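This report concerns only the one structure given below.
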Amino acid sequence: MSADLHQGRIVLNEWVGRRYKHMVVEAPDAVVAVPGQFFHLRLSSQWDPLLRRPMSIYGIDEDRGWVEFLYHVRGRGTALLAGLVPGDTLDLLGPLGRGFSLDSAWRGILLVGRGAGLATLAPLAEQAVQSGMDVFAILSARTPDRLVSVDRLHELGARVATVTDVEGTSEVHVVESMVREILHRESVDAVFTCGSRRLTKLMQRLADTHGIPGQVALEENMGCGLGMCYCCVKPFFREGRVYPLRVCREGPVFSLAEVIVDEL
């Protein structure tokens, strides 16, 4: 796993709705990242705040040397990120962690995500389409204005359905019915999820029932992002036993079958 330091230049940092910002960073040496990996961003030239912030990639443009992020502005750290303007520099450490994996023999995949997790799944959809796979997606959020990545997935040719809390369509039993219909009707060889424990538990159960593999990208607070501080350790099933694994190092992408959802 590479853990290189990069000095990036802000190309774009604009609002997407009222809660999210889309940031594009020019960092040519960093475009080796794969979907599901993350960068650890230093938020200030000073040491306050002390810790970096983990940020999963939203997109990679190898030709222009750009790395994209889509983030929820909700605390002091992301507020500092939100204040960056084109031309500013940003210190990036990464890419870090284990990303998603695709099997070239798969015909189609299903993505089920919620909130900021939708940003993590977007580059996976792009990679799958480029590999000739069909992509189906169910995107969940509290309100319609919090749905992100919808246009991007449509542009890729993915078949997208959206559900929201305010419309009463995001309940687990409703999403389960939608997933079952897709799995019954379409050629789906794997499922992927991010952004919700209840959806992770649902997809874990349905993947097991249908005998197909699944992967989940976990969201977790991290200290170092390198696996040295052990602050992001969670228990996982492997080889018939429970092991403590670091989300930043052995993950953040794990097999759905390994995850102990109630411990997240």
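Cβ atoms here come from the backbone N, Cα and C positions, even for glycine.
The Cβ neighbour count for Thr78 (FAD binding site), using a 10 Å radius over every protein chain in view, is 18. In the three-state DSSP assignment, the secondary structure recorded for Thr78 (FAD binding site) is helix. TrEMBL lists Arg53, Pro54, Met55, Ser56, Gly77, Thr78 with the feature FAD binding site.
In sequence order, Gly223 make up the list of same-chain residues 6 or more apart from Cys229 ([2Fe-2S] cluster binding site) whose Cβ falls under 8 Å from its Cβ. Per TrEMBL, the feature [2Fe-2S] cluster binding site maps to Cys224, Cys229, Cys232, Cys248.
Taken from TrEMBL, the feature domain 'FAD-binding FR-type' applies to 3-102.
Note on Arg53 (FAD binding site): other Cβ atoms within 10 Å of its Cβ, all shown chains, come to 20. Residues Arg53, Pro54, Met55, Ser56, Gly77, Thr78, recorded as binding FAD, reach a greatest CA to CA spacing of 15 Å. Fewest Cβ neighbours within 10 Å among the binding-site residues Cys224, Cys232: that distinction goes to Cys224. Taking each of the binding-site residues Met55, Cys248 in turn and counting other Cβ atoms within 10 Å of its Cβ gives the largest count for Cys248. Following the DSSP three-state reduction, the secondary structure of Cys232 ([2Fe-2S] cluster binding site) is coil.
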